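Swiss-Prot has this to say about the protein:
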- Arg18, Arg67, Thr98, Lys159, Arg263, Val264, Arg265: GTP binding site (BINDING)
- Cys25, Cys29, Cys32: [4Fe-4S] cluster 1 binding site (BINDING)
- Tyr31, Gly71, Ser122, Met193: S-adenosyl-L-methionine binding site (BINDING)
- Cys258, Cys261, Cys275: [4Fe-4S] cluster 2 binding site (BINDING)
- 9-220: domain 'Radical SAM core' (DOMAIN)
Amino acid sequence: MSEPVLMDRFARKVDYLRMSVTDRCDFRCVYCMAEEMTFLPRQQILSLEEILQVAERFVALGTRKIRLTGGEPLVRAGVVGLCEKIAALPGLRELCMTTNGSQLDKLAAPLFKAGVTRLNISLDSLDPQRFRELTRTGDLHKVIAGIDAANAAGFVHTKLNCVVMHGRNDDEINDLLAFAIDRNLDVSFIEEMPLGIISEHSRAESFYSSDQVRERIAERYTLVPSTDSTQGPSRYWRLAEAPGIRIGFISPHSHNFCGTCNRVRMTVEGRLLLCLGNEHSVDLKAVLRANPGQPEKLEKAIIDAMQLKPWSHNFTHDDGVQVVRFMNMTGG
């Protein structure tokens with residue numbers, strides 16, 4: 001008997017779901033949200049039970065990888081228990097989480113025990129003052145303690161996510177890489193995405209391409225092309241000097257990954273976003289709440305939604321905002 005498969009109208013198999021469990025965050029990163037962010041009222045967001053119901057239906061329809069995101073997922077009460085329930089779903093191969101690392105010093109071990117298979121940890125600077133400026137509230141030492149706690153808990157292939165911005169942190173690329181090598185971490189360098197209206201800097205002026213990052217790395221290291229994949233948008237390389245770690249480049253502007261896109265996102269409000277860079281969406285919260293105890297209705301809504309998935313986003317690296325919602329509202 002063949003496995004169920006979600007397919008879009010371009011015959012792309014969709015087997016990767018990113019689920020936001022909260023729009024709230026203890027950081028206010030300059031590229032992610034406004035400093036005086038207004039968060040959603042509690043009644044507008046999905047309950048943990050509703051998030052689990054969506055995960056169950058997606059896995060039943062062939063999803064093999066789920067990533068929990070935020071906001072900062074670890075500030076939501078009960079998230080470790082949610083992880084345990086999702087990780088136990090028959091057929092799911094990977095349960096990952098993207099986090100800013102601020103809570104990992106106390107939660108890394110419980111997450112590992114709950115069945116989370118891999119962590120992505122955001123880290124854009126190793127300078128405490130600059131880190132504070134970029135996150136507006138963050139404590140670098142606490143994040144590094146969280147990274148070390150993840151290693152101690154048993155996580156492997158933990159990945160650092162670094163958003164590279166010209167004039168803000170591009171001078172730290174190789175220092176971040178050296179940090180990753182020292183702790184046996186993978187790292188992805190990410191081009192800034194034009195989500196939400198920000199005031200801290202001009203996106204046109206701060207744009208720093210993946211090609212520029214590779215050129216900077218080549219000043220100190222030897223990059224070797226790799227066929228590695230984690231089912232996400234990163235294109236991977238390895239280093240001759242440290243072959244055990246992977247270097248990824250997420251390039252929504254300069255080398256977009258739309259043609260092989262295999263993922264959809266769900267916001268904490270229950271909006272199923274078919275593309276990071278478009279507003280095509282389906283309100284799964286409305287389906288859930290109008291049809292309690294009828295999982296087949298939710299499955300049908302998910303299957304039908306695949307036909308709304310566009311071929312590509314329309315990101316450009318000028319100052320125009322293609323999508324008004326902030327990254328924390330989207331699910332990072």
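In case you wondered, yes, glycine gets a Cβ from its N, Cα and C as well.
Comparing CA positions across the binding-site residues Cys25, Thr98, Cys258, Arg265, Cys275, the one lying closest to Tyr31 (S-adenosyl-L-methionine binding site) turns out to be Cys25. Spacing of Ser122 (S-adenosyl-L-methionine binding site) relative to Cys25 ([4Fe-4S] cluster 1 binding site) is 13 Å (Cα to Cα, whole number).
In the three-state DSSP reading, Cys25 ([4Fe-4S] cluster 1 binding site) counts as coil. Within 10 Å of Met193 (S-adenosyl-L-methionine binding site), as judged by C-alpha distances, no binding-site residues are found among Arg18, Arg67, Thr98, Cys258, Val264, Cys275. For the binding-site residues shown (Cys25, Cys32, Cys258, Val264, Cys275), fewest C-beta neighbours within 10 angstroms: Cys258. It is 10 Å from the Cα atom of Gly71 (S-adenosyl-L-methionine binding site) to that of Cys29 ([4Fe-4S] cluster 1 binding site). Between the CA atoms of Cys29 ([4Fe-4S] cluster 1 binding site) and Arg67 (GTP binding site) there is a gap of 20 Å.
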